[in-house]
Amino acid sequence: MANKKRSASSSRWLQEHFSDKYVLQAQKKGLRSRAWFKLDEIQQSDKIFKPGMTVVDLGAAPGGWSQYAVSQISDNGRVIACDLLPMDPIVGVDFLQGDFRDELVLKTLLERVGDNKVQVVMSDMAPNMSGTPAVDIPRSMYLVELALDMCRDVLAPEGSFIVKVFQGEGFDEYLREIRSLFTNVKIRKPDASRARSREVYIVATGRKL
């Protein structure tokens, strides 16, 4: 019975995915993923990216956010991206494949960032979802805490942080933590984010000294 339910749910997801207007637009424009549109909407409202910036992209594959960031920071900007999954090359993106939770991968990522601080850290990381919120939410919160730790390590004063978070247990506490570190914090639900999804995007600007 459980397999039948999972099969029906998977079929429903596939049908919804391939009829999604943002998926269709992404395919038409040759974009890596529909996530490109989420970041574009955030940029239109919050003006995060500027030419010459250095950006760290966590959970980058298949590359929608990296692709968008490169288009905004111009040739003298830089994107350093990391994901457990492989990602086809993008001009202007330094990609590291590996598990961000692994100490060796984190060390390599920090070496690629170098001594200079970055202007933006963004994370679209999400765990493999089981469909059980009691399992999925803690896994998700662990990843977003790691992303915030990256901000503490590499983000410049006045820098910005964009992170996907699934609403549930621990969300309010995480939001308070971000507010203690940044001057301006907003919660965004882009149109390209499916309405029934628990995901929201926290956009934090003005990292405090």
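Yeah, the Cβs are placed from backbone N, Cα and C, and that goes for glycine too.
For the S-adenosyl-L-methionine site that Swiss-Prot gives as GLY63, TRP65, ASP83, ASP99, the extra residue drawn from ASP124, ASP136, ASP149, ASP153 is ASP124. Comparing ASP124 (S-adenosyl-L-methionine binding site) with LYS164 (active site, proton acceptor), their Cα atoms are 5 Å apart once rounded.
Ranked by CA distance from LYS164 (active site, proton acceptor), the binding-site residues GLY63, TRP65, ASP83 have TRP65 at the top as the closest. For TRP65 (S-adenosyl-L-methionine binding site), applying a Cβ distance below 8 Å and a minimum sequence separation of six or more within one chain yields ALA35, TRP36, LEU39, ASP57, MET122, ASP124.
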